[in-house]
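**Q** Pulled these features from TrEMBL for this protein:
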type	residues	note
ACT_SITE	TYR148	active site, proton donor
ACT_SITE	LYS219	active site, proton acceptor
BINDING	ARG201, ASN456, ASN500	(S)-malate binding site
BINDING	GLU291, ASP292, ASP315	divalent metal cation binding site
DOMAIN	125-306	domain 'Malic enzyme N-terminal'
DOMAIN	316-569	domain 'Malic enzyme NAD-binding'
Amino acid sequence: MFSRPSLCGTFEKLCRCGTSTTAAAAAGTTTSPAVSALALCEARRYHEVVGDIICPSQVRGIDHIRDPRLNKGLAFTLEERQVLGIHGLQPARFKTQEEQLQLCKIAVNRYTEPLNKYLYLSDLHDRNERLFFRFLSENIEDLMPIVYTPTVGLACQRFGLIYRRPHGLFVTFNDRGHIFDVMKNWPEPNVRAICVTDGERILGLGDLGACGMGIPVGKLALYTALAGIKPHQCLPIVVDVGTNNIDLLEDPLYVGLRQKRVVGREYDDFIDEFMEAVVKRYGQNTLIQFEDFGNHNAFRFLDKYRNNYCTFNDDIQGTAAVAVAGLYASKRITGKSFKDYTFLFAGAGEAAIGIADLVVKAMVAEGVPIEEAYHKIYMVDIDGLLTTTRKVGNLEGHKVNYAKDIEPMADLEQIVSAIKPNVLIGASACPGLFTPKILRTMADHNDRPVIFALSNPTSKAECTADEAYHNTDARVIFSSGSPFPPVKVGDKTYYPGQGNNAYIFPGVGLGVICTGTHHIPDDMFLIAAQELANFTESSDIERGSLYPPLENIRDVSMNIAIGVTKCAYDKGLASTYPEPQDKRKWLEDQLYNFNYECSMPVTWTWPRMPYIKTREESPLIAAIK
């Protein structure tokens, strides 16, 4: 006798596989209907179809409503409804995609809470993929703070409560030895980009374990919306090795492994197996984007894998590129070059080190000796200024490059007064770290102080835009990692630009995927920074932003992809040949189509066959002996 769960599952398969059961009966099989359905019906996958080439014989009419990749809602024409056999399953109204977009705007604006807007967009993604991505791409300024920072941080914190259906793959530590078998369960055969996290350092929120899935889901949604990368080519993954967050471990709604984090050799071997499984499943040129790993692992994995896999770390390299782009743009205001700047970083984690390393590369490109470039950058961690003489803290890894042979100092206000930096960059996740006194000191020492408060989400920013402008007599050149509202000082209103990684990683991803690049050098991120800075207009800078409006971000992504494509072929990193001459058109030909396509089967005519007289039929008589 079936248990209740088994019975429900069987009935579902029977309902969805009626044609197979009928065929079995016609063939004279004697097995029970339930067994026939289970044996003869291929279980439905995450999507009814895979890839972007649909095999008509494998797709039923009803699949066009069930599958978000095929569904057009009320945009199916009368002829499509009748031919597909879905006529009557929808109301009589016919709508264009443009009319549906207007309804989406009305629906999402009815919600006042950002998390409710996030849930609405998630539901739209689940039922109508093209409508979701077109809606997102055409309203990026309003919706990116919902699908990405800062709202995605809240979504991760509430992940156990709002989880509905899988948008990605969960690979747990318990699956070691079988990671490839888990990856085979993802139905898409042509994944080109993977965004993976272990959830240890989600934004500035800390260890969220398996609840960090919201980050790779949001990142890859922007791959499609901002760069036109086909959504079926993107795969979000969480590698679940546990969590050290006691609140989550004790939370009855937590969806991940209820255990402390695995560390050490076992953890490293697990990640090694994961990387090998990706290549085995999808090929050597699969882009693997590391996201929100802990500081102690992020640099190790970047150094370990960058020359063996097609990989980058967005927290290190993406953040670096967008920050350096802002610094390039700031030069148009200050009239100085990088060699004239003294930099002070508040924070010495992966974001700060990544920015500093790319600043060094930018200075070297301007002709500054590398030793001098390192000398111009000061860095503060939780134990104070990085110096060779301090008795507390450590100088492991990349921090060593920025340690100075001076007396140690612990107080940031004292450090700013002593060093007198031209550029102050916050990547500390310490809200309010840039006090009014620090901001005024920066203004005292610089006609146009450059101050970046880059920590995410907004609640973790080192200062607000309002504080930065009002404590510097509006002379500040300001950028932040999360959006801030306009600031009015006197008769002028400033619109601070957000140094968002979304300006960088979609364009880099598009260029890497299309060229089949097998390794990603830092040169590509310096190119991305330069392309972004070049796209910033004087009018943008005049209104207070170092970046172009978010509504232009798709054009920015294309320019970055073109630059990355040129770099890939110049350095011999591309594996797609021959090299295209018109790189823009070549890239555009590979982009995702946000608009609906005809759901009718393709038909064509044949020419009339010529008349040929045939001979008379004569039965073949076989002699039986």
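Glycine too: its Cβ is placed from the backbone N, Cα and C atoms.
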**Q** As a test of the contact definition, list every same-chain residue at least 6 positions from ARG201 ((S)-malate binding site) whose Cβ is closer than 8 Å to its Cβ.
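**A** In sequence order, ASP207, ASP292, PHE293, GLY294, ASN295, ASP315 meet the Cβ cut-off.
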**Q** Go through the recorded positions TYR148, LYS219, ASN456, ASN500 and tell me which ones have a CA within 10 A of the CA of GLU291 (divalent metal cation binding site).
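**A** Candidates kept after distance check: LYS219.
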**Q** Around the Cβ of ASN456 ((S)-malate binding site), how many other Cβ atoms lie within 10 Å? Please give the count over every shown protein chain.
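**A** The answer is 26 other Cβ atoms.
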**Q** What Cα-Cα separation, expressed in whole Å, is found between LYS219 (active site, proton acceptor) and TYR148 (active site, proton donor)?
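**A** Each residue's Cα considered, LYS219 (active site, proton acceptor) and TYR148 (active site, proton donor) end up 7 Å apart.
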**Q** For ASP315 (divalent metal cation binding site), list the number of other Cβ atoms lying within 10 Å of its Cβ atom.
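**A** Result for ASP315 (divalent metal cation binding site): 25 neighbouring Cβ atoms inside 10 Å.
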**Q** What's the CA-CA gap between ASN456 ((S)-malate binding site) and TYR148 (active site, proton donor) in angstrom, rounded?
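**A** Each residue's Cα considered, ASN456 ((S)-malate binding site) and TYR148 (active site, proton donor) end up 11 Å apart.
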**Q** Between the Cα atoms of ASN500 ((S)-malate binding site) and the residue listed as 'active site, proton donor', what distance do you get, rounded to the nearest Å?
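**A** Roughly 10 Å, rounded to the nearest whole number.
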